[in-house]
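One structure is given here, and the rest of the page talks about it.
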Amino acid sequence: MSQRIFLPDTLANWQWPRHLNPHYAEVKKASAAWAKSFRAFQTKAQEAFDRCDFNLLASFAYPLADEARLRSGCDLMNLFFVIDEYSDVATEEEVRAQKDIVMDAIRNTEKPRPAGEWIGGEVSRQFWDLAKKTASTQAQKRFIDTFDEYLESVVQQAADRNNSHVRGIESYLEVRRNTIGAKPSFALLEFDMQLPDEVINHPVIKELENSCIDMLCLGNDVVSYNLEQARDDDGHNIVTIAMNELRTDVAGAMIWVDEYHKQLESRFMENFKKVPRWGGPIDLQVARYCDGLGNWVRANDQWSFESERYFGKKGPEIIQRRWITLMPKMVSEELGPQIVDGSHL
């Protein structure tokens, strides 16, 4: 008999509601066409990529953005998942080379990419060439710095995978906090802001970011576990990590994740109430930024069930009943995402 899994409703009491950017449909059309133009995947994988609708994720994550900044968000989410799909099947050395290509492309957008280079370089160059036009100087710097950190952690993830290295909970979260790509995503929240370093680096703001990132990590790992175990790629997932360290099963790991998530929620809300005031217009920007962090947690969860990334067409049903069936192993020779057959869930 197939094993059933209960997905904890980690956001049952989260105060940020579902909020979709009104420019979603129009901007999605442009960004999806842009992403598809690179032909990064074969036909079937491209269809699966389209069904994932990473533009929906951006439109939940940046509900107040104007069309230009939403386009940057959509393009970034598409770029993230191009990098993700290629790095997931690459060696540490190959991922290191991919990182070098991407960072060179972002730091030198005026430089044409070499013929025959990995496609991620040109995707990155075009993304940043457009996105930086809508970003403040501080936000540009923070994006580049945090994107470099993100890519370095993806290299580390590849090293762990190649060496079959299974981390403990704390060690895993140290790496996962960067591989999830939250920090560069947060930089987009401040594209139209002028937040000084002393504000963005304030301990309370950092604590808010850290709690938000950990909730994103846990939430994403809960919904992605089934697909990742089916692809035999669940070594970099908190459910697997908790099962190994706590010597428990999937159900036990899910309970642990739910309890830890509640602690993170409390920590976030405590710090949300402690955000200091600097005076003047900066306080309005800080309030928007912190609200954006809270919204990101809801955005990631909502997209996980409304797109077809993890549950095929059954997401809206599963978000209500929470029970799913452990999927059978999936083997694909084709690079890129795979279409999820909801009949297995």
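Note that Cβ sites are derived from N, Cα and C of the backbone, with glycine treated the same way.
Pulled from Swiss-Prot, these are the features on record:
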BINDING   Asp84  Mg(2+) 1 binding site
BINDING   Asp84  Mg(2+) 2 binding site
BINDING   Asn220, Ser224, Glu228  Mg(2+) 3 binding site
BINDING   Arg309, Tyr310  (2E,6E)-farnesyl diphosphate binding site
MOTIF     84-88  motif 'DDXXD motif'
For this session: Show which residues of the chain containing Ser224 (Mg(2+) 3 binding site), separated from it by at least 6 in sequence, have their CB under 8 Å from its CB.
Result: Asn237, Ser304, Tyr310
Problem set entry | Rounded distance in angstrom between the Cα atoms of Asp84 (Mg(2+) 1 binding site) and Asn220 (Mg(2+) 3 binding site) | 14
Seminar exercise, completed: With neighbours defined as other CB atoms within 10 A, the best-packed of the binding-site residues Asp84, Glu228 is Glu228
For this session: Around the recorded Mg(2+) 3 site, report the further residues of that chain (criterion: Cβ within 8 Å of the mean position of the Cβ atoms of Asn220, Ser224, Glu228; site residues excluded), sequence-ordered.
Result: Asp221, Val222, Val223, Tyr225, Leu227, Asp234, Asn237, Tyr310
For this session: Enumerate same-chain residues with a sequence separation of six or more from Arg309 ((2E,6E)-farnesyl diphosphate binding site) and a Cβ-Cβ distance below 8 A; give 'none' if the list is empty.
Result: Arg51, Cys52, Asp53, Leu227, Trp303, Pro337, Val340
